[in-house]
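Asker: The Mg(2+) 2 binding site annotation in Swiss-Prot covers Asp14, Asp138 and rests on sequence analysis. Residues or ranges marked as Mg(2+) 1 binding site by Swiss-Prot on the basis of sequence analysis: Asp14, Glu52, Asp74. Residues or ranges marked as domain 'RNase H type-1' in Swiss-Prot: 5-146.
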Amino acid sequence: MASEPGGLVEIWTDGGCKPNPGAGGWAAVLRFGAAEREMSGAERETTNNRMELTAAAAALEALKRPCRVKLHTDSEYLRNGITRWHTGWVRRNWRNAQGDPVANYELWQRVLAAAKPHEIEWIWVRGHAGDPMNERVDQLATAAREAMLREPAETSTARR
């Protein structure tokens, strides 16, 4: 999604699995002024957290130039990882506070790389609490997961 330098892009993301771990879907809606773009995808074997990270990474990777971004997520894992935990992980060579390797390391790297050129405000919203855009991305992620489950087992999808 193209934007003017300094323009504000609003992004809503969601990811989920049923069961967790299991088949999962992710989705994002990007809004720049009156323009909107929906993105979604799914994987057969994944986790809620992996789908949340994938949604954020894919949305940020879709931006064609540096932007101001408000990214809305109902994932405390994503928001806390980006705003609080990742500096410690990097300092400890991608180990958590207990000394174990950080889960989903490659996806955290992808999110951080995609976020780097942008000025991002990470906004947590309560899931399933009636926020219209959060409900929309939840429905898109669920639809992506359900569509993938109707396909042959060797495929995963990414609809962009």
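In case you wondered, yes, glycine gets a Cβ from its N, Cα and C as well.
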Asker: How many neighbouring Cβ atoms, not counting its own, are there within 10 Å of the Cβ of Glu52 (Mg(2+) 1 binding site)?
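Answerer: Glu52 (Mg(2+) 1 binding site) is surrounded by 28 other Cβ atoms within 10 Å.
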Asker: Taking DSSP as the reference, which of helix, strand or coil describes Asp74 (Mg(2+) 1 binding site)?
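Answerer: Reduced to three states, the DSSP call for Asp74 (Mg(2+) 1 binding site) is coil.
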Asker: Quick one: among the binding-site residues Asp14, Asp74, Asp138, which has the most Cβ atoms sitting within 10 Å of its own Cβ?
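Answerer: Comparing the binding-site residues Asp14, Asp74, Asp138, the most crowded Cβ belongs to Asp14.
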Asker: Express the predicted model's confidence over the domain 'RNase H type-1' (5-146) as a mean pLDDT, rounded to an integer.
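Answerer: 96, rounded to a whole number.
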Asker: Excluding Asp14, Glu52, Asp74 themselves, which residues in that chain have a Cβ inside 8 Å of the centre of the Cβ atoms defining the Mg(2+) 1 site?
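Answerer: Checked against the 8 Å cutoff, the neighbours are Thr13, Gly15, Gly16, Met51, Ala55, Thr73, Ser75, Leu78, Gly127, Asn134, Val137, Asp138, Ala141.
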Asker: What is the interatomic distance between the Cα atoms of Glu52 (Mg(2+) 1 binding site) and Asp14 (Mg(2+) 2 binding site), given in whole Å?
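Answerer: Cα-Cα, rounded: 6 Å.
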